[in-house]
Each structure stands twice: as structure tokens, then as C-alpha cells.
């Protein structure tokens with residue numbers, strides 16, 4: 001028996017939110033399983049347990065199935081169904097269908113699982129060009145007496161209704177489903193049918209569908225009538241619109257928000273975000289009731305595919321005196337930034353600020369940072385002033401967000417003014433503040449400004465990081481101020497050996513780009529033993545070889561062998577590997593010949609074989 005809506009809705013909202021967090025972040029996979037989890041299973045039972053453990057992680061799932069196929073391991077129906085369901089959750093629709101197709105139809109011990117069947121039916125119906133496959137899945141469900149639900153049958157019948165002459169198919173389907181549709185909310189399904197027709201511009205057919213569905217026991221509710229009346233209103237047919245609204249009052253029934261809410265959350269959970277958005281549009285634009293948890297999930301999920309639609313749901317929520325959750329507001333704002341919808345974002349924040357959304361400095365920082373990212377610098381500055389008026393003491397992160405936006409737009413005078421305001425307000429800059437300004441001033445070639453900021457950091461006890469040093473040193477090298485660059489590098493040496501190692505690589509690369517190999521070699525020969533320098537040696541040697549200064553490269557190799565003997569072989573190995581990208585084979589050949597003559601490269605080395613082929 002299905003759980004009651006009062007307990008089912010929050011659980012389904014949580015499930016939809018979890019599904020959303022996975023589908024919206026494809027570049028952040030789940031952690032890899034342990035080595036034991038990836039070991040091949042020796043029996044079907046053991047493989048089933050193994051497959052269940054790796055199912056959340058797609059690469060491991062695919063690898064496990066590939067190993068089973070190579071080993072010709074027989075998969076019981078339960079394992080085949082598990083594979084299909086897992087692949088479907090990862091959006092691998094063809095693979096899921098392939099495994100589903102191998103499930104037996106007439107096995108009383110392993111009937112077709114209803115959740116998998118309904119999810120697959122909906123996914124196929126939603127996918128372009130897959131309606132024929134969806135029909136085959138439905139046929140198997142009907143033949144196997146598999147119970148249909150609102151999501152599976154609703155998405156399928158909506159796809160059918162969008163085809164030419166879809167009404168006849170729709171009426172035939174609702175009659176065929178019969179008792180297997182006891183879990184289908186018929187009013188919701190009716191709304192999906194007419195919505196599909198109206199989206200294709202077939203408003204007369206949708207109007208006729210209202211009456212036909214009602215006569216066949218699928219009574220349309222106010223949402224369905226409203227969808228059709230809006231279709232006629234948009235077409236300028238006011239008289240028909242009025243007739244439909246009269247029919248709504250006479251024949252329709254009030255929609256239950258829990259039923260629509262459950263359906264929308266289930267759609268999101270099944271990655272059918274477009275279908276959830278279209279249903280939500282009918283509910284929201286019709287001003288029908290909808291729960292906050294449903295709206296929150298919609299704001300987050302829909303923003304990934306239609307940021308304007310998500311903004312509309314957010315505004316609807318705010319008009320009702322409610323606020324989106326912080327998590328969903330952040331996701332919406334991230335997508336507004338990606339879509340360059342700064343003005344739309346400011347409209348949303350204006351309403352939030354007016355309605356008292358911001359209670360503390362953290363809330364204000366969210367507003368300031370996103371306005372900065374969206375390029376709404378003046379608005380972000382006004383919000384920052386409001387924070388000061390309320391004596392909330394803005395955090396340095398808010399200043400940094402605005403500072404970054406100002407520098408990104410080359411607004412250096414306002415950036416300097418904001419810098420002064422920070423000290424006036426008693427807010428000390430941190431490393432990020434200095435790096436934002438130093439990076440910008442190095443881009444502009446303002447070496448004096450950079451030096452002042454660099455010195456100021458030490459005065460305030462803020463330790464530079466690799467980014468600080470590399471920005472400054474790169475600029476100095478471009479300006480041929482090598483002695484000053486060397487002094488800055490020495491400061492990194494005095495600060496931290498690990499930082500100095502990273503700075504050294506960049507310093508040497510910058511010197512090589514300027515063609516100043518003399519300074520580069522001098523620096524390399526003076527680096528203390530505690531600083532990791534293998535990568536820097538390779539940079540020098542590779543660049544010398546590329547420009548034909550092979551003799552100097554050889555001299556430096558001799559120096560390395562005499563002074564860094566413990567690391568010499570590692571440097572040689574990395575150098576040989578790097579030569580494959582060299583600009584001149586002639587220079588590489590000269591270097592290899594020398595190394596071979598001094599027995600630093602043996603006859604079995606790949607380079608020697610390559611040279612032999614070239615000579616041949």
C-alpha cells in the first residue's frame with residue numbers, strides 16, 4: 001500500500017533533491033570503491049552483491065558489467081533488473097533498455113519489477129525518437145500485469161497526445177489500462193494529456209479530450225480546464241475561453257496539491273526535469289497551491305535546463321511570502337550567472353531584500369558575492385552600504401567579492417576606494433584581497449602598485465602564497481627587472497621550501513621565455529638543497545635544447561651530475577620523456593649523441609632506436 005501523502009511527500013522531496021544533486025554535478029563523481037569492491041565476482045550471487053555496491057559509481061558499474069560479459073557469467077533476472085535500474089539512474093537509457101529487454105516475461109519467481117518498468121517507460125517516452133520502444137515496454141507491462149503509476153503512464157500518454165491524431169490513441173490507452181492503473185492519478189494524467197496537446201497547438205482536440213476523458217472515468221480537474229482555457233486565450237479566442245471556464249466550474253474538481261507535488265518530485269527524481277517543469281508551470285501560472293519543498297526542488301532542478309522558468313518559480317514563491325532555501329537559491333544564482341542574467345538576478349534579490357530575507361552578514365554576503373559575479377557592481381556596493389547602515393560589520397569575503405568584480409571590469413579607482421573603505425571600517429584584508437589586487441595590477445603593468453601591496457602584506461603579517469609570488473615575478477621578468485625578481489624569489493625561499501619550489505618552476509619558465517638563460521642557470525645553481533628543483537632543471541634543459549643551445553644544456557647536465565647526483569637519474573628520465581615534444585629533431589639528435597657517447601643513454605633506449613630508423 002502506498003504511504004500517505006503527509007509522510008510520503010517530504011521523503012520524496014528528499015529523494016528528488018538527492019537525485020538532483022547527482023544529476024546536476026556530473027563532474028563530481030562518487031568516491032571510488034575499495035580494491036575489494038572491484039575484484040571480480042566468482043558466482044552470480046556474489047556478482048549481484050558486488051554490482052549493488054558499485055551501482056552508484058558509473059565507471060565501476062560499467063567495468064563490472066564488462067567483466068561479467070567477458071567471463072560469460074550468467075545474470076539472474078534480479079541482477080539484470082538491478083543493472084538496468086542503475087544504468088537508467090545514470091542516464092544510460094540505451095544500455096538500460098538492452099538489459100531490460102533480456103528480462104524474461106514468463107518467470108513467476110521473478111516478475112517484471114514495477115518501479116523499473118515505470119521509470120523506463122517514462123524515460124523512453126520523454127526521449128526523442130524512443131516512443132516506439134516505450135510502446136513495447138508498455139505492451140510487456142500490460143501482458144505481465146505490471147502495475148502502472150502516474151509518472152510512467154502519465155509521461156507516456158502525454159507523449160502520445162502530442163502526436164497527430166493522438167486523442168484516439170489516448171482514449172484507447174485509458175480503456176486498455178483498466179485495473180492495472182489503480183496507482184495512476186487519473187486527474188493528473190488528464191492534465192498531462194491536454195497539456196501535451198496544447199503545447200502542440202491543437203487546442204480544439206484538447207477541448208474535446210476534456211469531455212472524452214471525463215466520459216471514460218478520467219475526470220479532469222481545474223488544472224486541466226485551466227490549461228485548455230489558456231490555450232484559447234493565447235489564440236485570442238475569448239468566447240471559447242469563457243465556455244471552458246464555465247465547464248470548469250460545472251464539471252471540474254479541485255486539484256489536490258499533494259498529488260501534483262508527489263508527481264513533480266517523482267519526475268525530478270527520475271531525471272524528467274522538463275516534464276516536471278511543464279507540470280509546475282500549469283500549477284503555478286494557474287495560481288494553484290503548491291508546497292514549499294516542491295518549489296525548492298523545482299527552483300534548483302529547473303535552473304539547470306531553463307533558468308527563466310526557475311526564476312519564475314522563485315518569484316511565485318516570494319509572492320506568497322516564502323523564501324527559497326539557501327541551497328536552491330545558490331544553484332539558481334549560479335545558473336543565472338552562467339546565462340548572463342544579472343538583471344534577472346537583481347530583480348530576485350530586490351524582492352528578497354525588501355521582504356527581509358537577509359538576517360545577518362552571511363545572508364548579505366551571498367547577495368553581494370553573486371551580484372559581483374553577475375557584473376552588477378553598483379547594486380552590490382549599495383547592498384554593502386546597507387550592511388554598514390545596519391551595523392552588521394561585513395565580512396572580508398564580501399569586500400573580496402566586490403573587489404574581484406571591480407577588478408574584472410577594470411574599475412581600478414573604485415577598487416582603490418573600496419580598499420581604503422575596508423580599513424576605515426576596521427576590516428583587515430586577507431590573502432585573497434591582496435591577490436585580487438596584485439593579479440590585476442600585474443596585468444596592468446603597475447609594478448610600483450604591486451611592490452607597495454607586496455610590502456604591505458609583510459607589514460600586516462599576511463604571508464604571500466604561490467599565486468602572489470608568481471604574479472609579481474612574472475611581471476618583473478617581462479619588464480627585464482631580473483635582480484628585483486630574484487629578490488622576490490629569495491623571500492619565498494625564506495618563507496617556505498614547498499612554496500619556493502612551485503615559485504622556482506614558474507620563475508625559470510618566465511626567464512626562459514624571455515631568453516635569459518644566463519640568469520636561469522645562475523638561479524638553478526644557487527637553489528638550496530632543501531628545495532625540490534627537478535622540474536625546474538628539466539624546464540631549463542628542454543628550452544636550451546629547443547633553441548639549439550645543446551652545449552650549454554650538456555654543461556648544465558654535467559653540473560647536475562656533479563652536484564645533484566642523487567637526483568640525476570630521475571632528471572635524465574624526465575628529460576628524455578619531455579624531448580618528444582621538442583621543436584627540432586636535429587637538436588635532440590645532437591643531445592642524444594652526446595649522452596650516448598658518455599654512456600648516459602644505452603643502445604636499448606627508445607631514442608636510440610628512433611635515431612637508427614631515421615638514419616636508415
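Just so it is clear, glycine is given a Cβ too, placed from its N, Cα and C backbone atoms.
Taken from TrEMBL as is:
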REPEAT    186-220  repeat 'PPR'
REPEAT    360-394  repeat 'PPR'
REPEAT    395-429  repeat 'PPR'
REPEAT    430-464  repeat 'PPR'
REPEAT    465-499  repeat 'PPR'
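The average pLDDT the prediction assigns to the repeat 'PPR' (465-499) is 92. With a threshold of 8 Å between CB atoms, the same-chain residues lying at least 6 positions outside the repeat 'PPR' (465-499) that come near it are 431, 434-435, 438-439, 442, 445, 447, 450, 454, 457, 506-507, 510-511, 513-514, 516, 519, 523, 528, 530-532. DSSP assignment over the repeat 'PPR' (430-464) gives 26 helix, 0 strand, 9 coil.
Assigned with DSSP, the residues of the repeat 'PPR' (465-499) fall into helix, strand and coil as follows: 30 helix, 0 strand, 5 coil. Helix, strand and coil counts from DSSP across the repeat 'PPR' (395-429) read 26 helix, 0 strand, 9 coil.
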